[in-house]
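The transmembrane segment annotation in TrEMBL covers 15-38, 50-68, 88-110, 131-154, 186-211, 232-255, 261-284. Among the features that TrEMBL reports, domain 'G-protein coupled receptors family 1 profile' is placed at 31-282.
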Amino acid sequence: AFTLASIPGLEAAQFWMAILLCSMYILAVAGNCAVLFIVKTEPSLHAPMYFFLCMLAAIDLALSTSTVPRTLSSYWFNITEISLSACLVQMFLIHTLSAVESTVLLAMAVDRYVAICHPLRHAAILTNAATAKIGLIAMARGVLFFLPLPLLLLPLPFCRSRLLSHSFCLHQDVMNLACANTTPSVVYGLTAILLVMGLDAILICLSYVLILKAVLRLALWKERLKVFSTCIAHICVVLAFYVPLIGLSVVHRFGKDLAPLVHVTMGNIYILVPAVLNPIIYGVRTKEIQRRILNLI
């Protein structure tokens, strides 16, 4: 079995730190469930943008639920061991769901591009059927690219220290504990990340370059701000996803000498911050969702 990381140096305060983590998890679950319920029960929100938002909410629920309860059992009940099979399943879910979320964010960027640059063709291009197909493609893409990761690690022997750097299982973290040649796993993992998250980030940036060019063609600044304000929520959600992802990658690559607390904190931020912020961002920026939330309250 592997040993999940605790909060180094703060073992005495671990119970209270877990309460903070649990509170964030409850907030994430409540917020994303509210988004799903509102879109489902409000016919006026049955549009591609809101369907993509529902996909994000479902992904965030699955991603946080696959990690946080196990982390809380480690912090509260000192159940720190996790079997190899459970670790690999958790690792597969984390990387696959992250890839699916990245693809959905790209689809939302394309939705904004079509809505702003080709508004008359938006309804014909992004139909409900096309949105459902995009969701299926995003799921298939994540599974196909990241299913080989646990399969490459499964036959490897683990004879060194089995203490993980995080309170859940990540590919690079588990791979570093193997005492065999991990070159195929390193090469494939880096290739998958670049072809999924890296390519998506480039295409999202490209879509916003085209959006900016279209916005700057407008004569009045008031019109420019009004049109571009429709993209603010999506930009915030993209930053909430990619900034923790990049931060975690940098810590793994260059943070070998950093305190273990940094690794644990960055891992928890990567899992929970997007799940907490996404419904808040769209709740604040989208009047229809804001109105329904106020009615529910």
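Every residue, even glycine, has its Cβ placed from backbone N, Cα and C.
Only pairs six or more apart in sequence are counted, and the transmembrane segment (131-154) with the transmembrane segment (15-38) gives fewer than three Cβ pairs under 8 Å, not enough to call it a contact. For the transmembrane segment (50-68), the partner stretch with the most Cβ pairs below 8 Å, chosen from 15-38, 232-255, 261-284, is 15-38. Beyond its flanks by at least six residues, the transmembrane segment (15-38) meets 7, 45, 53-54, 57-58, 60-61, 64-65, 68, 71-72, 75-76, 268, 272, 275-276, 278-280, 282-283, 289, 292-293, 296 of its own chain at Cβ-Cβ distances under 8 Å.
Distant neighbours of the transmembrane segment (261-284): 5-10, 21, 24-25, 27-28, 31-32, 34-35, 53, 56-57, 60-61, 63-64, 67-68, 71, 94, 101, 165-168, 170, 233, 236-237, 240-241, 244-245, 247-248, 251, 255, 290, 293; these residues of the same chain sit at least 6 beyond its ends, with a Cβ under 8 Å from one of its Cβ atoms.
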